[in-house]
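Step one of this worksheet: look at the structure below.
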Amino acid sequence: MTALQGLAPAKINLTLHVTGQRDDGYHLLDSLVVFADMGDRLTCKLGEDRLTVDGPMGQGVPLGPDNLVRRAAALMGVEAAIHLEKHLPAAAGIGGGSSDAACALRMLRELTGKEVPDQGLGLGADVPVCMIARAAFMRGIGEDVTAVDLPPLHAVLVNPRVAVPTSAVFSGLASKVNPAMPPLPDGLPAADLIQWIAAQRNDLEPPAITAQPVISDVLAALRQTGAQLTRMSGSGATCFGLYPDAKRAADAAQSLQHSGWWVAATVLR
Ligand SMILES: C[C@@](CO)(OP(=O)(O)O)[C@H](O)COP(=O)(O)OP(=O)(O)OC[C@H]1O[C@@H](n2ccc(N)nc2=O)[C@H](O)[C@@H]1O
Ligand SMILES: Nc1ncnc2c1ncn2[C@@H]1O[C@H](COP(=O)(O)OP(=O)(O)O)[C@@H](O)[C@H]1O
């Protein structure tokens with residue numbers, strides 16, 4: 001029986017503008033999303049229905065039918081043995097569960113030849129963008145995904161090891177209707193792109209900081225490493241800093257190792 005291996009990369013919202021709310025409570029988003037060169041690792045084989053989890057962040061990940069990779073197999077209508085090597089913190093604003101689900105869906109699509117219903121939207125608003133796992137604009141509640149070419153960005157990701165539930169952060173928004181992103185000019189080099197991103201927002205940052213004030217400390221620590229831009233991703237608590245090159249990102253990550261926080265230097269694409 002063929003076994004496939006895949007990477008479920010961390011998802012980073014470089015910008016996240018909340019522009020409205022639908023009648024069902026879901027919020028309308030306008031977000032520029034990129035993916036790291038690191039993440040969880042999955043192995044998938046058709047046959048027995050089984051999930052095993054290990055890896056440095058495997059503790060506490062649900063093993064039952066609510067795990068998003070098991071829900072991915074159920075959505076595809078197949079039984080599969082899936083092994084998940086967890087490297088990303090959960091409930092962290094970097095789509096760990098959504099990216100795992102998307103990776104499982106891609107592998108099951110390849111193994112079965114079946115189409116993925118609705119690009120996996122039923123498993124979470126972040127799953128469609130995680131299906132393409134490359135730089136994209138994400139709009140609607142997450143279902144409207146358009147790939148975009150960006151220069152690679154050198155980054156450090158920092159999570160203070162506190163879980164932030166997404167729905168609670170959306171509920172804490174002071175305003176549900178905020179300005180959309182302006183159009184992104186074509187072909188910006190990295191330095192100009194970073195300036196453009198700096199002029200945008202993550203509207204979920206203030207309510208996430210209210211829920212977990214340590215996020216302010218993470219942003220301040222990243223600023224002190226000389227990052228060109230610091231911001232929170234998604235509903236938090238993971239924050240990122242952007243740097244002009246890989247050496248400066250690696251040095252920044254090294255200088256944050258003593259914090260006890262989860263720290264990763266990476267390239268975003
Ligand atoms: C906020 C974002 C930004 O990329 O990222 P994360 O912080 O999760 O990484 C995503 O929209 C999260 O996507 P995902 O985590 O898949 O969301 P879901 O499981 O569908 O929804 C979890 C909860 O978030 C809220 N939610 C989510 C998406 C959206 N457009 N509007 C919402 O209001 C709802 O309260 C929902 O019950
Ligand atoms: N494969 C998975 N990995 C991590 N968390 C998962 C997984 N499947 C289900 N979950 C649940 O989903 C919740 C949200 O996790 P995650 O997708 O990592 O967060 P976020 O939406 O903030 O990026 C977790 O609290 C966890 O209980």
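Keep in mind that glycine also has a Cβ here, set from the backbone N, Cα and C atoms.
In TrEMBL, annotation is done automatically, which means it is predicted and not curated.
Annotation source TrEMBL lists active site at K11, D126. The domain 'GHMP kinase N-terminal' annotation in TrEMBL covers 67-119. The feature ATP binding site is assigned by TrEMBL to P89, A90, A91, A92, G93, I94, G95, G96, G97, S98, S99. Taken from TrEMBL, the feature domain 'GHMP kinase C-terminal' applies to 195-257.
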| message | For ligand 2, list the binding-site residues among P89, A91, S99 whose CB atom is within a distance below 6 Å of it, in sequence order. | response | A91
| message | Show me the subset of P89, A91, G95 whose Cα is within 10 Å of D126 (active site); these are the binding-site residues I mean. | response | G95
| Which one, from the binding-site residues P89, G93, G95, has the smallest tally of other C-beta atoms lying within 10 Å of its C-beta? | P89
| remark: Expected list for ligand 1 (Cβ under 6 angstroms, binding-site residues G93, G95, G97) reads G93, G95
| remark: Across all protein chains shown, the binding-site residues A91, S99 give the max Cβ-within-10 Å count at S99
| Taking the center of the Cβ atoms of P89, A90, A91, A92, G93, I94, G95, G96, G97, S98, S99 at the recorded ATP site, which other residues in this chain have a Cβ no more than 8 Å from that point? | A10, K11, L88, G234, T238
| message | With helix taken as DSSP H, G or I, strand as E or B and everything else coil, how many residues of the domain 'GHMP kinase C-terminal' (195-257) land in each class? | response | 33 helix, 10 strand, 20 coil
| request: Write out how many residues of the domain 'GHMP kinase N-terminal' (67-119) are helix, how many strand and how many coil, based on DSSP. | output: 29 helix, 6 strand, 18 coil
| request: For A91 (ATP binding site) and K11 (active site), determine the Cα separation and express it in whole Å. | output: 12
| query | So which one is it: of the recorded positions K11, G97, which has the fewest other Cβ atoms within 10 Å? | reply | G97
| message | Just to verify a number: CA distance, S99 (ATP binding site) to K11 (active site), in angstrom, no decimals. | response | 7
| Where does K11 (active site) sit by DSSP, helix, strand or coil? | strand
| Neighbour tally for D126 (active site), based on other Cβ positions within 10 Å of its Cβ | 29
| request: For K11 (active site), identify the closest of the binding-site residues P89, G93, G95, G97, judging by Cα separation. | output: G95
